[in-house]
Amino acid sequence: MSPEKKRTREKSCQAEVSSEGDIGGSISEAAHTSSVLTKEGCAKGSEVWCQNSKTASECGATEHCQQTLWNEATAKNLVQMKAGPTCELCQYVIKEIIKLLEGNKTKEDVINAAEEVCSVIPGYVAGSCRDLVDTFGLSIMHLLLEEIDPDFMCSTLNVCQGKRSAHAVNVARLKSGVFCEVCKKIDGYLDRNLDKNSTKALILSAFEKACSMLPGVYKDECDEFVKEYEPVLIAALHDEMSPDSLCLKVGACPKAPAKPLLGAEQCVRGPSYWYKNMETAAQCNAIEHCKKHERD
């Protein structure tokens, strides 16, 4: 090799080494700035890091994603979630939990996934996320184990009122009280004969037996009710919810309207009611008290 070619080759090698040094320096600098390049996939940048809370955690970029992409993109999706555990928030949280679980559905997996989802949600809705998990945690866990669709799950939890109409109890039958009685009879029977660790197969068998024990006029209503509310009834058994609470929760029993105070019950209102006239004073045995008040 001629001296001139040798010098050219050396310069080329030096340029390559210099270039590699620059690249290495850039990688080193990036690694120093963030720990996201510890895995091969993470080297692709924020497009990979911020796909979801799991990838962000694996790439050590949770804080970066929270402060950049998620803060903007998630804010658009969660703009309606500030007031509390809303329908949108419920659906978002459940879907994110499912992504994180990846087929692992033990109680511990669900709890950890829920905590992780709430930890990466923007601050102004993080509290609502925790409220949702604190309030419905056990029900969410049991419904996830039953592989219930997120939208239907949030409907059965009564978080998505508007989207629950397809599964709601028929209003006419609700007012007649039939569904309410059927619901209480079923849940009461199951509550007495099953425990919270009963398998789904055992619970379904108990449902069938409970409906068969009812009079003919109730049996069809019972079968229909169980078919429609099976996931919620199963979750309620695991949560050890009382029959009254469960049937009120799923809308099978109407909320009792506040009863107006009648007769002597109105006397608990005190002097403001007693002093209206002599009739109310006599009704409340407060005539002497009223006379004394007039003298004073």
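Each Cβ is built from the backbone N, Cα and C atoms, and glycine gets one as well.
As annotated by TrEMBL, region 'Disordered' applies to 1-25. Under the heading compositional bias 'Basic and acidic residues', TrEMBL lists 1-13. Per TrEMBL, the feature domain 'Saposin A-type' maps to 35-75, 260-296. Per TrEMBL, the feature domain 'Saposin B-type' maps to 83-164, 176-257.
For the domain 'Saposin A-type' (260-296), the predicted model reports an average pLDDT of 64.
DSSP states for the domain 'Saposin B-type' (83-164), grouped as helix (H, G, I), strand (E, B) and coil, give 62 helix, 0 strand, 20 coil.
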